[in-house]
Amino acid sequence: MALLPRALSAGAGPSWRRAARAFRGFLLLLPEPAALTRALSRAMACRQEPQPQGPPPAAGAVASYDYLVIGGGSGGLASARRAAELGARAAVVESHKLGGTCVNVGCVPKKVMWNTAVHSEFMHDHADYGFPSCEGKFNWRVIKEKRDAYVSRLNAIYQNNLTKSHIEIIRGHAAFTSDPKPTIEVSGKKYTAPHILIATGGMPSTPHESQIPGASLGITSDGFFQLEELPGRSVIVGAGYIAVEMAGILSALGSKTSLMIRHDKVLRSFDSMISTNCTEELENAGVEVLKFSQVKEVKKTLSGLEVSMVTAVPGRLPVMTMIPDVDCLLWAIGRVPNTKDLSLNKLGIQTDDKGHIIVDEFQNTNVKGIYAVGDVCGKALLTPVAIAAGRKLAHRLFEYKEDSKLDYNNIPTVVFSHPPIGTVGLTEDEAIHKYGIENVKTYSTSFTPMYHAVTKRKTKCVMKMVCANKEEKVVGIHMQGLGCDEMLQGFAVAVKMGATKADFDNTVAIHPTSSEELVTLR
């Protein structure tokens, strides 16, 4: 047993050597199970403090690491840093700014713009609350400058965190090679590792010119953050959460906004109550929702863009119309995986028909030693999901936690619409499909939040609880209204823990709040 303290100390950082000494006496009292000794030695040896990287490889040499991460977005960075904490020699390949979509052209700058839009909405309520009306003109350039500066600070923080973790940043595009063991090439140099993670994310989808002539005249959500001024006239195409968020922001800030959707409701994959209510709230807020409509052609004119569309209401003849003088045409029709230039075929890495990398529940691809997390996998395209999956993977690979994997069930999500949406678990239709209609019961409510008790402007708050089986286990919660974005997290914990309707009923309400409705549903 005396060998075990030495094994714990060998190659470990100072903190782990101190821990080994502290437990020496305790360990000497233990029996001598060889399997336990080997497992502890291996685990402690890997959990050493991050060490500085060695010198760069000589020209023509192949640099070797314990862990190579392709993609410096949220999932890749989280996985690399956790691996480094566990003692792995890691490197991240990135060709653009650190932080990926979320930090640079997604969640973070979008939330800044959403906050700006919410501020604009509340300004309309000032007089109702006894303050003089605020007639100040919105200055797009001011918030753009502050937003971009904030993003730049986050980029620097990511850079600093990698440096502190002794993780090397390899700048450039990575592509797999045909070498005998998994190898990538970046700017003419080769790098290899027994474990390679693909975390390249996704990018906005746009129609091809052959499908819609002039489609390239529009922008995507990426381009939204490059706009130098507020568009006077905006047309958003799409019915998903990005389309809903962009339309809400632009409209609230003063752009005349149309949202073009192929069916009659937005967010059709959400619970039907949310889909219906969100569509109504958009219209109530002044967004023109063009239902059963699609863009046919886009032309550039002296006064902006001319968007031709066809509206095909079921049971009626299609009608062609044109929207003139459009300043901003924004495509929000989905996202595609960023795998085009990775040369996945050289290793035979399998993808689905949309290009998403196919992985199992442990994030393994079909090629040993190659893994994928995040949007590139096409499942639950959310930053916290990529981060959690990446960290779980690092623990499995470098801490020998063989069962470490992300549970993709009951993942909460928020749509920053106006008002915001919060949802976790199964929709009513999904619950019926899983448990049978006779085993599903729903509880719902609709009310005006107290904030609007004295305002001319009104928004609703709607809530639905989906319960299953005799014990009425809560399998889904869906809500839209003021504050729903912030109140969901706690209720998501309850759903994840398997709470029942009775558990909610036995919780004393907080009054007066909107959240109390979920513990008083009847």
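In case you wondered, yes, glycine gets a Cβ from its N, Cα and C as well.
Per Swiss-Prot, the feature active site, proton acceptor maps to H511. Note on H511 (active site, proton acceptor): other Cβ atoms within 10 Å of its Cβ, all shown chains, come to 8.
Annotation comment: Swiss-Prot describes S74, R81, Y158, R391 as glutathione binding site. Using a 10 Å Cβ-Cβ cutoff, R81 (glutathione binding site) registers 23 neighbours.
In the three-state DSSP scheme, E245 (NADP(+) binding site) is classed as helix. Look at Swiss-Prot and you will find A239, I242, E245, R262, R268, G334, L381, V414 tagged as NADP(+) binding site, backed by experimental evidence.
Annotation source Swiss-Prot lists disulfide bond at C102-C107. The Cβ of C107 (disulfide bond) has 19 neighbouring Cβ atoms from other residues within 10 Å, across all protein chains displayed.
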By CA-CA distance, flag whichever of I242, E245, R268, G334, V414 among the binding-site residues is nearest to R81 (glutathione binding site).
-> V414
Identify all same-chain residues not among S74, R81, Y158, R391 whose C-beta atom falls within 8 angstroms of the centroid of the glutathione site's C-beta atoms; report them in sequence order.
-> G75, G76, L77, A78, S79, A80, R82, N161, I387, G390
Calculate the distance in Å between the alpha carbons (Cα) of V414 (NADP(+) binding site) and C107 (disulfide bond), and round it to a whole number.
-> 11
All-chain count of other Cβ atoms within 10 Å of A239 (NADP(+) binding site) = 26
In sequence order, what residues of the same chain, 6+ apart, have a Cβ less than 8 Å from the Cβ of Y158 (glutathione binding site)?
-> G72, L77, L98, G99, V103
Rounded inter-Cα distance in Å - C107 (disulfide bond), I242 (NADP(+) binding site) | 10
Hey, does DSSP put C102 (disulfide bond) in a helix, a strand, or just coil?
-> helix
